[in-house]
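Trainee: Sharing the features that TrEMBL gives for it:
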TRANSMEM  51-76  transmembrane segment
TRANSMEM  101-122  transmembrane segment
TRANSMEM  158-178  transmembrane segment
TRANSMEM  556-576  transmembrane segment
Amino acid sequence: MYSHLHNHSISTAGSSSTEIVGDEKVVSRNVPQPRRLSPRNFFSIHFFSRLFGWPGIIVLGQLLLQILAWGFFAFVQHRGGLALPLAWAASAKANPHSVQWVSTQIATILAFCSTFLFSWGARQSITLRLRGDGMSLAQFVHYLQISSRSLILNPRNLTMTFMAMFVFILTGVQTAGWSSLITPRTITIDTPLSGHGIDLSSPLLKDLRGTQAVDFCRKTSSAAAAFIVGQTESGYTAVKGNLGLPATLTVMDLSFNRSTEGILPLTLEPLNASTWFEGATTLPSTIKPEWDLPDGLGSSYTLHQQGFTADVSCEFWKGPGDPNAPRLFFQTNSVQSWNDPRVPSEAISFVDMFSDCTGKNDTQPLTWSRAYVLSAQPNYMVMIACPAGNTTKIVFNTANPGLYDFLGTTVCTLKSKTTNVEVSYSDIINIKTLSNGTFADIRAPATLAAADTLYDMVLFSQSVVSNGMGDKLRSLVSETDGKAFTNDTILRSMEQFVRGVTEYSATVFQACLATNQTFMNSLSPSDNLNIPTNGTFHTQTIGWARATSALTAVQLLPGTVLALFTIYIVVVAVAYHAADAKGAYFDPSDAMHLVAASSAGGDRGYIGKEGEEVGAAAESINVCLSSEPGKGGMALLLSRGR
């Protein structure tokens, strides 16, 4: 602004003891001849001495405000976020409107200080110019308007119009920038986590099959009292989730959204496992933060872990000779009627399904299944499992007629696999699969555990009048198809059910192994079953977040530009007029000062001559500030430019 002022000022003005106004001679007082601009000198003694006082206060004030703004911004960026003390954060969360009000007041005060320094610097620069070479009356008025942040709507001078608009916008948006910087908000502070889980794809785990610990967890862990209900519930919630319906599954006092996805839940604190597995005490914590966790109002964490699932495809049995199924044999026998006179005398039937399929090691017991039911209500479901190449054939059989005759005899092909998943731990555990995974060995303990769990589920859910798995599937298909019971819905529901139970079995199997510290500690370092995992702990609190985009920095730019503009016009004005004599204090924005100085300078009738526009006259009149001879005061002197 100041350089513009000098570049467009009038460097000469006529002055004489007399002046012709119309046809008359008017005698006037001496008008000092305005001086030409002195060269800028930033290294003179006069320059540095004149910086002490109002120029230094303005420059240092703007610098301190910018150091405060950008220093705080840089500190938050370096720390990755800054949280309020826990008590303050709780109070801020409970009183968000009060926090906003206080922050806005502080932002308004800081913006006011910056704007005040600009206005003060602009007015003092105008005064320095008036004491020196002066300026046109039009420029004098425009610069006063700019210093007071007023808009100028002058089509004759678009430069001043745009400059005034520029200053008006800069000063107007400063409050928003400060408010954005200093207002505390809900933030999340991230802390890295690292640890390990059990590697279900480890060849060592298959080699350990046959040991007491692995066989116990594989065969009987999911049949424990704490997990029997979860066998059918895991399949039910998996189907519900696949239908897009809300469903949660509780396993080991942890709630999973739709399914466990075969993960071992990893927690920061050990879990009491004494009621889950025989002889167990705790499910140990195997993850830890890289540094101390901050206090917060809430928390959650995410981990990248190994999951376990299966590709399942089901179809109806086509009868003897079906190439997709093992050879099946069925047998139904009746037992003697009950002889107890207190109960109805009804015949009991036992239904057998078996196959002559063969498998290695412990797969043989799963080739036979039996259910006891009332002969009049043969509502049963039986299941066998046979290895077939790299897959497992799971066969379900129901009575026809019966409650579950819509299932008939269903053959499901199960191909288990390990996956990479992202697990979000909060009130409910949410799991997202990140890869298609790697198919697991059919005789790996986790795969065999899936078949064992499915077998136990069908067996333990069977009563003499109904089957729990059958009831849940019947409910799910009815919820989708009503009474239609289409084949596609039946088979897809069965696939999701088997998948859900497979994932559940892997979760329980891993937890069983993890709680057996005697077994885990007996492994040598070379026999490590661990797989590394990492993630992030998220602490929710109130404070200032690290900026993730340039938007926050852009919000601070108006104040920075205004500060640089202020410093520029002040330093340049002092450099031009460092050697000028100091006069009495004069504030060009003060109406009393203007009236007094104008009165002392006298009115020469320069403005408002006949036939001359006021605007044009103001452009041709030079204004300067001079000491009034003999009076010691200040006078605004007007003179015609040539």
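Each Cβ is built from the backbone N, Cα and C atoms, and glycine gets one as well.
Keep in mind the model is a prediction, meaning the values are calculated, not measured.
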Trainee: Mind checking which residues reach the transmembrane segment (158-178)? Cβ under 8 Å, same chain, six or more beyond either end.
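Mentor: Long-range Cβ neighbours of the transmembrane segment (158-178): 1, 4, 69, 104, 106-108, 110-111, 114-115, 118, 139, 142, 145-146, 149-152, 555-559, 561-562, 565.
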Trainee: Let me spell it out: take the transmembrane segment (51-76), skip the flanking residues so only those 6+ beyond its ends count, and list any with a Cβ under 8 Å from a Cβ in it.
Mentor: 82, 110, 113-114, 117-118, 120-121, 124, 178, 181-182, 544-547, 552-553, 556, 559-560, 563, 566-567, 570-571, 574
Trainee: Against which stretches of its own chain does the transmembrane segment (101-122) lie, if we need a Cβ under 8 Å and a gap of at least six residues from its ends?
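Mentor: For the transmembrane segment (101-122), the far contacts come to 1, 54-55, 58, 61-62, 65, 68, 143, 146-149, 167, 171, 174-179, 181-184, 559, 562-563, 565-567, 569-570, 589.
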